[in-house]
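Novice: Submitted below is the structure of interest, expressed as structure tokens.
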Amino acid sequence: MSTGGVTELQTTLHARYGKDKVRVLRVVRDGAWHHVVEYNVTALLEGDIDVSYTHADNSVVVATDSIKNITYYLAKVSPHILVPEHFALHLGTHLVSRYAHIHKAFITVEQLRWTRIPLNNTQSKAGEEKGHTHAFYRDGEDKRVVKVEVDASAGKDRLVGHVISGISDLLVLKSTGSSFSSFIRDEYTTLAEVDDRIFSTSVDLQYKFAPVELPVPADAKQIDFKLGEAKTADGTVWDAVGVAERARKVTLEVFAEDESASVQATLYRMAQLLLVQNAGVQTVTYSLPNKHYIPVDMRYIGVENVTPPSKAEVFMPIAAPSGLISATVSRK
Ligand SMILES: O=c1[nH]c(=O)c2[nH]c(=O)[nH]c2[nH]1
């Protein structure tokens, strides 16, 4: 095949490939007490794969179809399936352990909500969870999103996990307890200062853990993977489940309770508290659209709906544009 002079170019290649949007629902049966998780999984590989791009040499290619099959296989056999961080680490570890020339795996797991229907009010054996034994409902479009990199570049027996977890699409609204004033006023300013307004956002949160030292799977099939022993680099035990619960709680609590002077100030309070409550978290990033609701001006018909802002009752939701406020907060 003619390369049309391309071979004369000096090129570097950064290559990564795999399967996207692998959809899986897993049922775990503890007698009559069932658990379900639904995940959208992306699994990408890096390693000595350049020749598949540069020389059409597929001998180094684990087919993306096989990567999909491995995802379903691990969904069946992994003891870590119910916790997205743990499952992502297991899948990544399995991939880099199974293939000598693969040095990094990048796994994203997006978890959709299935919450027990609060009928019957049955309790699990452990007495923690309540609700129906095997019927669930979608109680929100927000997702738990986990991004994991399993890095084997220091050796297959010295695996390191880099984990970023978070929440996306958590839609919230409060009808008071939010103001916005004292901003720059110049020739471009039309916005009125308000001591009371609607505050609504769709929370996108990412929090990064300190790197996790991963245990090497004890068996040839890489299924015996004792994540309970995983430690962060500073020696603290890694607690993905506890952090996830506290992160969601603190986000909702601060949103509800903060007397918000701006989206910026409320965002910073959320991030600060998340860091204070979770020693293993290094950085917190929030991205918060300011979804505007505008009081409808009815003065043309002799009805006051705009002033004072605290008396406004009818609002027009504005789909676009929205503000977009984001920040990453880390420890000193
Ligand atoms: O909380 C806010 N932050 C802003 O930066 C901003 N800008 C704006 O027009 N409204 C708001 N609200």
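Cβ from N, Cα, C; glycine included.
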Novice: Which one of N40, N120, N290, N305 goes with T64, D65, F180, R197, V263, Q264 at the 5-hydroxyisourate site, as TrEMBL has it?
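Specialist: Within the candidate list, TrEMBL flags N290.
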Novice: Taking the recorded positions F180, V263, N290, H292, which residues show a Cβ-atom distance to ligand 1 below 6 Å?
Specialist: F180, V263, N290
Novice: Relative to the Cα of F180 (urate binding site), which of the active-site residues K19, T64, H292 has the closest Cα?
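Specialist: Considering only the listed active-site residues, the nearest one is H292.
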Novice: Considering the recorded positions K19, R197, H292, which residue's Cβ sits among the greatest number of other Cβ atoms within 10 Å?
Specialist: R197
Novice: Expressed to the nearest Å, what is the distance separating N290 (urate binding site) and K19 (active site, charge relay system) at their Cα atoms?
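Specialist: Cα of N290 (urate binding site) to Cα of K19 (active site, charge relay system) measures 34 Å after rounding.
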